[in-house]
Structure formats: structure tokens, C-alpha cells
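Structure, as C-alpha cells:
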Amino acid sequence: MLDVGSQKPPKGKWSTPPFDPRFPNQNQTPNCYQNFLDYHRCVKRMNRRGKSTQPCEYYFRVFHSLCPMSWVQRWTQQIQDGTFAGNI
């Protein structure tokens with residue numbers, strides 16, 4: 001679930017994320033972080049319900065498009081260590 005580095009992006013068209021009115025400025029750091037959180041919340045919720053995590057694919061694509069991989073790797077390691085500051 002949390003090994004984002006080993007997950008392969010879904011096959012098919014890989015485009016730039018659409019405009020999100022919550023993040024109108026050029027700085028997309030908050031957008032990156034929010035989609036990372038949304039992905040992990042979605043996966044957690046779907047796993048708890050015993051359903052497919054396929055609907056979470058959107059968030060995965062967005063944060064992989066927006067976030068530097070070094071951030072994703074660091075946040076993933078923090079989640080595994082139990083030191084991640086975000087609320088998942």
C-alpha cells in the first residue's frame with residue numbers, strides 16, 4: 001500500500017493534471033501535498049471497505065505529475081516510520 005516507488009503508473013494516456021480551483025496560483029506545492037494525502041486516505045478507506053483501490057488512481061496520477069520524487073519517497077518513509085505530519 002505505501003510503497004509508492006514500486007507502484008507502476010497506470011497504462012494509458014498520461015496527461016497533465018487538470019486545473020484545480022483550490023490551487024489557482026503557480027505554486028503547486030500545496031496541490032502536490034493535498035493529492036498525496038488524498039491518495040493515501042482513499043487507499044486506506046477502500047482497503048477498510050474491502051473494495052478496489054482503482055478510484056484512487058486519479059490522485060496517484062496527479063501527485064506523481066506534480067510532486068518531486070524525492071518528496072514522495074521522504075513522505076512515504078515518514079509514513080512507514082510513523083513520523084509523517086499529515087493526517088491520513
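Cβ atoms here come from the backbone N, Cα and C positions, even for glycine.
Just so you know, TrEMBL annotations never went through curation; they're auto-generated.
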Cys56, Cys67: which one closes the disulfide with Cys42 in TrEMBL? Cys56
Take the C-alpha atoms of Cys56 (disulfide bond) and Cys32 (disulfide bond) and report the distance between them in angstrom, rounded. 15
In this structure, which of the disulfide-bonded residues Cys42, Cys67 has the fewest other Cβ atoms within 10 Å of its Cβ? Cys42
